[in-house]
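As structure tokens, the structure follows; a few thoughts come after it.
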Amino acid sequence: MEGSKASSSTMQVSFVCQRCSQPLKLDTSFKILDRVTIQELTAPLLTTAQAKPGESQEEEANSGEEPFIETRQDGVSRRFIPPARMMSTESANSFTLIGEASDGGTMENLSRRLKVTGDLFDIMSGQTDVDHPLCEECTDTLLDQLDTQLNVTENECQNYKRCLEMLEQMNEGDSEQLQRELKELALEEERLIQELEDVEKNRKVVAENLEKVQAEAERLDQEEAQYQREYSEFKRQQLELDDELKSVENQMRYAQMQLDKLKKTNVFNATFHIWHSGQFGTINNFRLGRLPSAPVEWNEINAAWGQTVLLLHALANKMGLKFQRYRLVPYGNHSYLESLTDKSKELPLYCSGGLRFFWDNKFDHAMVAFLDCVQQFKEEVEKGETRFCLPYRMDVEKGKIEDTGGSGGSYSIKTQFNSEEQWTKALKFMLTNLKWGLAWVSSQFYNK
């Protein structure tokens, strides 16, 4: 209960729900409770219980309390619960309100009504498992729960009744049959228990085997993971090696292509390109000769002679030929021939022009000596190839080259007492003979 002072002459008292603690507004009927109403509310739950003659009176005489009687009706056990003593003035829950009021009698009546109401709630709480008072919602919820319990109890009661009726209808033969069935069921139970024990033993064995298998499976999983890591590492290495192998194969393929290309390449033809430019014979684009209409610089003529000496020297080395009387010394635009009979004698294959050119015959001797070397090369080739023949016949003693297939004239390779046109033509015929010799060497020593 909770109380608050609303005014100097009025005391408000309220009760709260024992479940949700919400304040309650009591019904007006609680204000007009009389003794008869209170006795009806506090009457025992079961009023049909009858005690055995003599026992009830004896208990009432001995104890002075209302009896606790258990009766049976229709196979249902019923118990009589005596009511609680409400009107005891010694109750521990009694109280008296003291407050200011204009009328002392009014306060006394209020205190009495509240005491009666509180005692009534205490009695109701003592007779049930539920504390009172309750609000309307909690009461509805409680009633629903009680209805559910009542339905369950009624169903149990009906089941008990049916079982009792079945037992009453059974005769002695049925009882013996049930006893036999009970023994059989007991034996079946023992057998099943034994099977259960065997199954339990087998389960333990299987559990132990399962643990071993799980441990083995875990070990295998670890090994599999290790093998997988190793496999991944080896796979990575394999991929790297495959890439390297493909790279090497591509390099080898490219090198093989270059090698095949080089094998098909004529080194002499690629190095020494002999051709003509008008009336001039050319080697590597250097003109060999001089005309009044085309005064070629002597530096270009000297360079052409250097390439010519280098070509004949390379052809002789390829054939293993050693020239008699002279040794070729390729030295760029200052190449020369060295006399084998007189080591101190050098025959230059280069000239600077001027007046000295007309009086110095060493240049002419060098060109005649070079023509001698070309003749020796021709004779060496004819030793192994009788059908070999150069297009222009060479006369070393006279220092001339004959145009046997053309006009039939001969042209001197010397510059003294010779025109520039004939000298240039003689040099052109000499380059043509060297081109034929170059072609023969390339065909014979291509794969050597």
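Keep in mind that glycine also has a Cβ here, set from the backbone N, Cα and C atoms.
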Which stretch does Swiss-Prot mark as motif 'BH3', out of 86-105, 106-125, 326-345, 386-405? 106-125
Counting every protein chain shown, other Cβ atoms within 10 Å of the Cβ of K400 (ubiquitin cross-link) number 21
Between K400 (ubiquitin cross-link) and T117 (phosphothreonine), what is the CA-CA distance rounded to a whole number of Å? 165
Treating G and I as helix alongside H, and B as strand alongside E, what does DSSP give for the region 'Required for membrane-association' (423-448) in helix, strand and coil? 22 helix, 0 strand, 4 coil
Would you mind checking how many other C-beta atoms are within 10 angstroms of the C-beta on T117 (phosphothreonine)? 18
